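Participant: Take this structure first; my questions come after.
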Amino acid sequence: MAAKNQQTQKPNKRKQFSSTKTDKDGSKSKKPKLLSSTPSSTNPSNKLLKKPFNSSKPKREHPTHSKFKKSEFGNDNKELTKRERRIQAKELAEARKKKRKPHYTLEQELASLWEKMRRRNIAKEDRSKLITEALQKMKGKIPEIAGSHVSSRVLQTCVKYCSQIERDAVFSELQPHLLTLSCNAYAVHLVKKMFDAASKKQLAGVISSLRGHVASLLRHMVGSVVIEHAYQLGNATQKQELLMELYSTELHLFKDLASIKESRLIDIISKLDLQKPSVLRHMSSVIQPILEKGIVDHSMIHRVLIEYLNIADKSSAADIIQQLSGPLLVRMIHTRDGSKIGMLCVKHGSAKERKKIIKGMKGHISKIARDQCGCMVLVGIVSMVDDTKLITKIIIRELQTTLKELALDKSARRLLLQLLHPNCSRYLNADGLASLNLTVPSLSSKNESEIKSKKLSRDEESSKEAAKSDIPEENLDEESTKEVATTDSDMEATESGKGDIPEENLNSAEGGKKDPSLRRRELLVNSGLAENLIDVCIENAEELLTSNFGKEVIFEVAKGGSDGILHPTLDEKLNNLHEAIAELAAKPKSDESEEEHVLENFHSSRTIRKLILDCPAFASSLWKKSLEGKCQLWAQGHSSKVVSAFWESSDSEVRKVAKEELQPLVDDGTLKIPETKQSANEN
């Protein structure tokens, strides 16, 4: 076939060569006969090269073409100036926008009105007139122009300052198009503003209109913001209505099933006899796309994740923890449920996952510590994670740069106090202590099996001992039932967070294997955090003592921490701190000074009193330097609490030092001491 093709193609080539025309000068021309046959006087081929091709349609030139065009015949064609070219380009752009945007002229008019109405120094009457004019222009076109970045801002200002009648008119016009506008990057701000300004009836109607679209909107980057805003504004019943759709297909389809009182998913499953596997499948189909897109900032999603972890099997729960462990978790711990998820990830995560979580927090430690919920995740990390080198490198090093601000902050001080005095109910509320003991049921089954195995081994040992000591079988049965009851109660205690386990060992039951006191010492003393903290307390003693939150930090530091963890390593530094506080107390009392004396300030007087009662070394230093011979001066007001603390002290040496001077004041009634404490000291 190839040979035949070559034979057929050869005559064509010959024809092609034969069609070429030879010019007079001997040069061959490959131009078609039609062009070569045009009449020409001299050298027609050269003229054809110079002449342009004449077309019936004129060539379309760019408006700025004259900028680059060079005149061939001198300066006959005058060039446009820069200003004229700029105006010409602007006019062309305006014409294109008018073609592309049907409401372009209206938007320009609204923008000029918006510049006037958004001023701060404008009168209310003038602003209301401008708003009425703007709403009149937009009437009937609000859903169409709400997606524009200009019109949405105008509408937001109008909704903020307009009358209730005008606001209701805008709301009624927008409500049919709510779902479409919720997914628009500009209109979403208007929708949120409408939610804020809506009445209870309107908000209930909006939330009911969202039914059936909650899961799809949560998967949308912009739409999830609207769902979260509605969830935050709704009451408990409305929040439950939004959540029910995410739990199962039955609750999604049948509205009557969603109107039950139970709020926990476990109770809902048992009440409605739902199939747990189908609930898990539905929830995983909702959760997985959300996690893949990284939409984890909303509290509604945190609530769904908490409920999912409570019913999930071991592999599903471990998979969720693995997905969340890392920088993604940092965006979740700002809410109450998000903080609980963070602590569950720390508790049940592997060493590799814990490392990812801590590394993901790098650069954000100070911000997380100041957050009311985020600080509890850091508390959980220092209480459970055994890798103290990693914690020191990432968390402790960043904390040391802002120790003063952290000590004075309401939330950040909890992290410092957890290291100084762990699991103290004075510093952590009941909810915080309970969150430290949270577990995922499917992942904590390992510990239950361990408890059961221990129980069996104890039964075997007790039976062997009974056989050796010839205990009757009846007594043996009684003792074994007692041991079974105690082990069962221990299991319940581990689940509820109560029991006879010491406070320090309670949180480390599942979290880590290292001794809690050793972990504390490595993080607090060996890392250098305690030394820097004492230096900060010495430099800012007065500010910390008179602060509502800083007083607790300086008290625990001056006392040496629980179990004397700062002794004897930092005894010299602690003595310097005691002297710094005593110097503040030794300042003369004067009514002229504006600053309140530390002994007369409410917070500092109570803190110094507690230090006298709990720290005899500080009490003796304060007495010698500040109060000896001056007790009568400080026996009234808040300072009397400090003076009476020497009389009430449980340390005999402290009482002995102050008794000689305080006895006359007590007898005179100048220093008032409760009868119970006075009789106790006399005894």
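Cβ coordinates come from backbone N, Cα and C, glycine included.
Here's the feature list from TrEMBL:
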COMPBIAS  1-10  compositional bias 'Polar residues'
COMPBIAS  61-82  compositional bias 'Basic and acidic residues'
COMPBIAS  449-471  compositional bias 'Basic and acidic residues'
DOMAIN    109-460  domain 'PUM-HD'
REGION    1-82  region 'Disordered'
REGION    449-515  region 'Disordered'
REPEAT    173-208  repeat 'Pumilio'
REPEAT    209-245  repeat 'Pumilio'
Participant: Which numbers of helix, strand and coil residues does DSSP report for the repeat 'Pumilio' (209-245)?
Facilitator: 26 helix, 0 strand, 11 coil
Participant: Across the repeat 'Pumilio' (173-208), what are the DSSP residue counts per state (helix, strand, coil)?
Facilitator: 30 helix, 0 strand, 6 coil
Participant: Tell me, what is the mean pLDDT of the repeat 'Pumilio' (209-245)?
Facilitator: 93
